[in-house]
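Per TrEMBL, these features apply:
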type: BINDING; residues: 43, 44, 76, 77, 190, 191; note: substrate binding site
type: ACT_SITE; residues: 75; note: active site, proton donor/acceptor
type: ACT_SITE; residues: 189; note: active site, proton donor/acceptor
Ligand code: DGL
């Protein structure tokens with residue numbers, strides 16, 4: 001393994017940054033390759049077969065070209081659908097991002113948990129299994145909120161998220177909960193933690209939720225897992241960290257100011 005070999009993050013867009021941000025804190029010297037499959041976005045509206053084929057193909061090509069030491073699938077949709085399959089075909093360690101049902105179930109006092117994700121994620125058997133394993137005896141309310149992906153994309157390009165859209169997604173969860181006992185909301189799409197502040201604000205001020213409701217995601221746990229897997233490895237940057245996209249380069253370049261804050265200064269088409 002070369003010291004310059006990067007850690008790869010793969011998502012369809014800016015969502016991967018919510019995971020990268022946590023990994024940066026524990027591994028500040030690690031070279032990073034951030035891959036955004038804009039040509040494939042949204043994964044959440046695709047079939048399982050489409051997502052699995054796309055993720056496996058793309059990871060294979062990116063891995064061959066850039067030789068990462070580890071790949072983090074920084075996308076809940078791709079992870080809940082294709083993690084097992086991708087692990088079988090790639091030789092490097094693969095870390096997935098799946099809805100943080102375990103910590104939410106540990107922290108809930110009321111026993112009622114909400115899950116916001118893409119349509120692709122919330123219907124997965126993988127999520128049923130996490131619920132059965134970690135949240136049995138609790139209530140898990142699920143809602144698909146693909147429109148929040150676009151709101152996060154807009155925010156990171158300098159726009160303002162639409163409070164009505166955020167409120168509608170949260171309301172769809174609380175409307176399933178007659179007693180309004182929900183006290184944890186899992187942000188089960190990596191785009192959603194980028195809207196955490198706005199969601200929390202809308203919940204309290206526009207919907208009248210208790211300020212005690214917590215918005216949880218798994219990024220810190222993923223960062224710990226990656227740091228553990230790479231324990232003892234050496235890192236050395238031989239150039240700037242890089243972000244690549246399968247989509248339109250000009251659209252991607254609008255993210256330059258944000259990517260710079262994550263330490264990424266080279267932006268190109270893949
Ligand atoms: N960020 C992806 C996730 O975590 C979803 C975005 C998309 O639908 O492409 O599920």
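Glycine residues also receive a Cβ, built from the backbone N, Cα and C atoms like all the rest.
Overlay of TrEMBL annotations on the structure.
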residue: 43; record: substrate binding site; contacts (Cβ under 8 Å, 6+ apart): 12, 37, 51, 54, 55, 75, 77, 78, 118, 120
residue: 44; record: substrate binding site; contacts (Cβ under 8 Å, 6+ apart): 77, 117, 118, 119, 120, 121, 144, 146, 149, 189
residue: 76; record: substrate binding site; contacts (Cβ under 8 Å, 6+ apart): 97, 98, 99, 117, 118, 121, 188, 189, 190
residue: 191; record: substrate binding site; contacts (Cβ under 8 Å, 6+ apart): 13, 14, 15, 18, 148, 149, 152, 153
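Note on residue 75 (active site, proton donor/acceptor): other Cβ atoms within 10 Å of its Cβ, all shown chains, come to 32. Taking the Cβ of residue 189 (active site, proton donor/acceptor) as centre and 10 Å as the limit, one finds 34 other Cβ atoms among all the protein chains shown.
For the recorded substrate site, residues 43, 44, 76, 77, 190, 191 set the reference point as the centre of their Cβ atoms, and the other residues of that chain within 8 Å of it by Cβ are 11, 12, 15, 42, 75, 78, 117, 118, 120, 121, 149, 189. Pairwise Cα distances among 43, 44, 76, 77, 190, 191, the recorded substrate-binding residues, top out at 12 Å. The number of other CB atoms found within 10 A of the CB of residue 77 (substrate binding site), across every protein chain shown, is 32.
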